[in-house]
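As given in Swiss-Prot:
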| type | residues | note |
| --- | --- | --- |
| DOMAIN | 28-297 | domain 'tr-type G' |
| BINDING | 37-44, 105-109, 159-162 | GTP binding site |
Amino acid sequence: MGVHSFLCSSPWFRMVTDLQKEIQEAVQQRRNFAIISHPDAGKTTLTEKLLLYGGAIQEAGAVKAKRSQRAATSDWMELEKQRGISITSTVLQFNYHDCTINLLDTPGHQDFSEDTYRTLAAADNAVMLEDAAKGLEPQTRKLFEVCRMRNIPIFTFFNKMDRPGREPLELLDEIEQELGLQTYAVNWPIGSGDRFRGVFDRRKQQVHLFERSVHGKRQAKDTTLEWGDPQLADLIEPDLLQQLQDELELLEGVGTEFDLEAIHAGQLTPVFWGSAMTNFGVELFLEAFLDYALKPGARRSSVGDMAPDYPEFSGFVFKLQANMDPRHRDRIAFVRVCTGKFEKDMTVQHARSGRTLRLSRPQKLFGQDREVLDDAYPGDMIGLNNPGMFAIGDTIYTGKRLEYDGIPCFSPEIFAYLRNPNPSKFKPFRKGVSELREEGAVQIMYSADSAKRDSILAAVGQLQLEVVQYRLENEYGVETLLEPLPFSVARWVEGGWDVLEKVGRLFNTTTVKDTWGRPVLLFKNEWNLRQIEADHPELQLRSVAPVAAGQKPIEV
């Protein structure tokens, strides 16, 4: 018997191939996506309606509902419920037809674009939600650029078609001209505002006429007719029917052709139209998404691209969250499964520290709700209790050592000293700042003078600072004071302290340390930055922090 025949007949080989088949079947059923949008475009509403159609919830709760009504499933933090906005990412898993869908709900505010980027690092697809009356808005543009950095497929859903809005052709042109992204309308709206009658499905050449459900709480009823059915003339006003026919001819004549490869490369966005509040077009979007979306694929690592059916388990931490359950003051690490099969009670290696961990209470995440998880496959997101071991970007694995590409920090634009005016609250203050730093709620920096111990909060936007203060008071019982600093630009120094010492004294900049003890130069404005770059061309300054590996952060 040859070596190949012997190996193929061995129990070990059969066990591995059986496991790989199991993983491959699970991957075929997995889809995941993150939703990005400008505030008030209806992101939380769309999220809830997708859960409604997936059977994960029985009744949708509006964010701005009265207190007697249900709160939104994806908005679990008290401040989110008060303000009606998402300020932290959430994972929601549900089943639809034969697929398991992992939905990552991202913050709806550009001040939290770094949290959005971390979430997109775990996502295989993105859904860009737009208000049909407004089109592209500033924060959508910024979040789109974050998507582009990840080179993932982007699906576009134009929402609020039941309200007066802009011309659909004009909205498509805006995406193509301003984002440099080609568009393909998968369905097309019939009317808008109070004359919105439904959509035409170009895939199946069918007209879907919708009836409103009561406040959009239940699944919408759907009358489906074939294109050319004589009944259409009785159900749709003549001018709307003629307009639909004219616009469809225009799309077929000069519109971009459907190209699945271009979609997967992030060069072509499939476009959908509907109204999440009244459930118009939501299920059509979901069904097309399952057909077009990227399934979990290979991930780049320190030992090469790792295919999802590699039999050893591996994954990376893309988010940390403290106090999801205020009763237990817990800390959860969100992990994206990349390869193999995850099983409860398995023992894994923690790449950054080299330590061995037993994962005894893994959790399936659904907003604030959790249940114990027995297994998970590539593309799934799992929750692990975090006793202070994990940092964002950490890799866990079994088998041979590997590390996935880390998740970088971006240049903050607002800086302030964080003061604790009450010495008796030092312990909860330190604990709160440390845990909020771990989860990436804000970046923490320190004076280069070791005698000064006050933390410097560094954020993309003002709302981040407000959230940190709110959470310190609400979750840790600590009132704090902010002392604004006059900086607006931060740059990391390539080569670290050694390079900085060789350069000597620098003017019009202040040197601080980041969480990992690396030098960061703070500038009052871009002009001061350009001046330093001109005076010291030997300095390599980076707007994105190098990824920390094998290091421990400075203690608060």
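The backbone N, Cα and C atoms fix where each Cβ goes, and this holds for glycine too.
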Measure from the Cβ of ASP40 (GTP binding site) and count the other Cβ atoms within 10 Å, all protein chains considered.
15
Binding-site residues compared (SER37, THR106) - the one with the fewest other Cβ atoms within 10 Å:
SER37
For SER37 (GTP binding site), which of the three DSSP-derived states applies: helix, strand, or coil?
strand
Take the domain 'tr-type G' (28-297) and average the pLDDT across it for me.
82
Using a Cβ-Cβ cut-off under 8 angstroms and a sequence gap of six or more, which residues of the chain neighbour MET161 (GTP binding site)?
ALA132, PRO189, SER192, PHE196, TRP273, GLY274, SER275, PHE280, GLY281
